[in-house]
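Asks: What follows is a structure written as structure tokens; I'll ask about it next.
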There are 2 protein chains.
Amino acid sequence: MPAVVVVHGGAWSVPDKLAKAVVDGVKMAALDGFSVLERGGSALDAVEAAVRNLEDNVTFNAGHGAVLNADGDVELDAIIMDGRALGSGAVSSVKNIPNPVSLARAVMEKTPHLLLTSRGANLFAESIGMATVPTDTLVTANEREEWEEHRSYVAGVTEDFNSKCAHDTVGAVAVDSAGNVACATSTGGIRNKMVGRVGDAAIIGCGGYADNSSGAVSCTGHGESILKVTLARLILSHMEQGSGDTLHGCILFLTNKQFHLHAFFFPVPSQGNPQRSLHSWLCSTWASVCAAQEESSWCLHQDSGQLNLLQ
Amino acid sequence: MPAVVVVHGGAWSVPDKLAKAVVDGVKMAALDGFSVLERGGSALDAVEAAVRNLEDNVTFNAGHGAVLNADGDVELDAIIMDGRALGSGAVSSVKNIPNPVSLARAVMEKTPHLLLTSRGANLFAESIGMATVPTDTLVTANEREEWEEHRSYVAGVTEDFNSKCAHDTVGAVAVDSAGNVACATSTGGIRNKMVGRVGDAAIIGCGGYADNSSGAVSCTGHGESILKVTLARLILSHMEQGSGDTLHGCILFLTNKQFHLHAFFFPVPSQGNPQRSLHSWLCSTWASVCAAQEESSWCLHQDSGQLNLLQ
């Protein structure tokens, strides 16, 4: 099984002035995740490393660089999932945590629960000695300006879909050499979201899902649309049914529901050549590193076009 | 299409001393939900009415009668979903709200979001003038005693599976005469849960899902197990595939994953005779009212046995 890691930097359009930073960011994160796999690390370790890298990069809307909610505060969502036994951890609406994906992993490994929210998630972080940072540390001057200028959530969502938003949710999927899959997704949500709004990124089966028997998915896009169709689980259901046109099946399904869906998804199957089955829809920016045939070979991809199926 | 409403009062074993109260409670809630359908109300109206009835009944672990978390506090989760266009609303870890299912419906109808959590959910409740009650109003003397006696979460879960717990999550599914389906689920969670723990009940695709093209499901049981397999969505996926042995398919799937799942699920299909397809697994207590053939006919069922398929 060739090891592979795929990372994405969000669903929205990237303005030219930020294109290089975004592409460099996803490449660096993919390489970081892949270096974990090369050292014999698990898919779970790889997706955590890749997403931490993106959370530390202010170019992306996760951890440092997060958007502000309606109160001008930062509330973060993240999930991580291990395809070996469906272990998962997530946090929603957590504050002052620079790497929510690692807090999500701690929920998975150190509690009997899968999802901790808001103050409870922060209390848990404190109980395990996880470092916190002031909110201002997570917010860029540019985000503060954007927030001052655009105070309407609905208008903001519309603008985001029309190329004015530079960053969004991040995520990663990976397969390790043992054939185990994992996913992770992390986000600051959508600017001017209501206090306490939770999108798809913290929700199992929506912002992410990983199951060794089928594959792993990380989603990004309009959270409420993704939640309605439990997109990550839906994609894996199609993959489990062995349909060659998984992607078209999903799009058709969504069209039949007659509502607007804005989402990307990044599935990686646990069986077969990961590259051949890697899809992106209305693709924004992502990068993958794959050890095909020989462990030392790798390749990078970046695409900002339309429907793209790697061969 | 015969209208039908099915309600459940949780997954755990019911002690003899509470059997009558539990059975009377689910019967009353089912009748309440059905009366809405009889008056021409929607499936959505019916499940909200039924679940409000159960939330107002201290016999059940939702709204009044909720269990206490590790801090001796009450944090409530609820979801409601309308199968017509996959509209959904949910609240997690909300406090002092006697009818979280109605707050969930307000999230669906009055915000651009699907899920509000914790303080943000309470701020929203305040903004729409929803009445709150002191925490003590929601807690029974019996729950306070049980909590003082059993302070371990893990031990509590084990005991719950061994007949010492009297109440659990509630939920309802319905089909109205127009063939629309809906679901609602509401809970106080599991005693001694960590602060901020969110189980399946607030999570779309896990504690509930409703889609006119397939059916509606409300789940109850060990929340973390349900979350791992996104149980509500999984069941509907099996129903969508038209398998006659939907239930067995799901059980087999779960067994293959090699982890323990403790859950009930109550699916109602949007097509065909709802009664014939009504399943319960390791069934606790539930009731249904169905307008089969003639609008005025109805029937009630209560079962505390094993796998049960209504014919």
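Here the Cβ of each residue, glycine as well, is placed from N, Cα and C on the backbone.
Sharing the features that TrEMBL gives for it:
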{"type": "ACT_SITE", "residues": "A:Thr169", "note": "active site, nucleophile"}
{"type": "BINDING", "residues": "A:Arg197, A:Val198, A:Gly199, A:Asp200, A:Thr220, A:Gly221, A:His222, A:Gly223", "note": "substrate binding site"}
Asks: In whole Å, note down how far the CA of A:Thr169 (active site, nucleophile) lies from the CA of A:Gly223 (substrate binding site).
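Replies: Their Cα atoms are separated by 10 Å.
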Asks: Pick out which of the binding-site residues A:Arg197, A:His222 has the most other Cβ atoms within 10 Å of its own Cβ.
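Replies: Per the Cβ count, the most surrounded site is A:Arg197.
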Asks: Roughly how many angstrom lie between the C-alpha atoms of A:Thr169 (active site, nucleophile) and A:His222 (substrate binding site)?
Replies: 10
Asks: For A:Thr169 (active site, nucleophile), which DSSP three-state class applies?
Replies: coil
Asks: Which of A:Gly199, A:Gly221, A:Gly223 has the fewest nearby Cβ atoms, counting only those within 10 Å, among these binding-site residues?
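Replies: Comparing Cβ neighbours within 10 Å for the binding-site residues A:Gly199, A:Gly221, A:Gly223, A:Gly221 has the fewest.
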Asks: For A:Asp200 (substrate binding site), which residues in the same chain are close in space, meaning a Cβ under 8 Å from its Cβ, but six or more apart along the sequence?
Replies: A:Thr185, A:Cys206, A:Gly207, A:Cys219, A:Gly221, A:Gly223, A:Glu224, A:Ile226, A:Leu227, A:Leu231
Asks: Select from the recorded positions A:Thr169, A:Arg197, A:Asp200, A:Thr220, A:Gly221, A:His222: which have any Cβ-Cβ contact with chain B shorter than 8 Å?
Replies: A:Arg197
Asks: So, in DSSP terms, is A:Arg197 (substrate binding site) helix, strand, or coil?
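Replies: Strand, per DSSP.
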Asks: For A:Thr220 (substrate binding site), just count the other CB atoms lying within 10 A of its CB, please.
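Replies: A:Thr220 (substrate binding site): 31 neighbouring Cβ atoms within 10 Å.
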Asks: For A:Val198 (substrate binding site), just count the other CB atoms lying within 10 A of its CB, please.
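Replies: So the Cβ neighbour count for A:Val198 (substrate binding site) comes to 36.
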Asks: Given that the record lists A:Arg197, A:Val198, A:Gly199, A:Asp200, A:Thr220, A:Gly221, A:His222, A:Gly223 as binding substrate, what is the largest C-alpha to C-alpha distance among them, in Å?
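Replies: That value is 16 Å for the farthest Cα pair.
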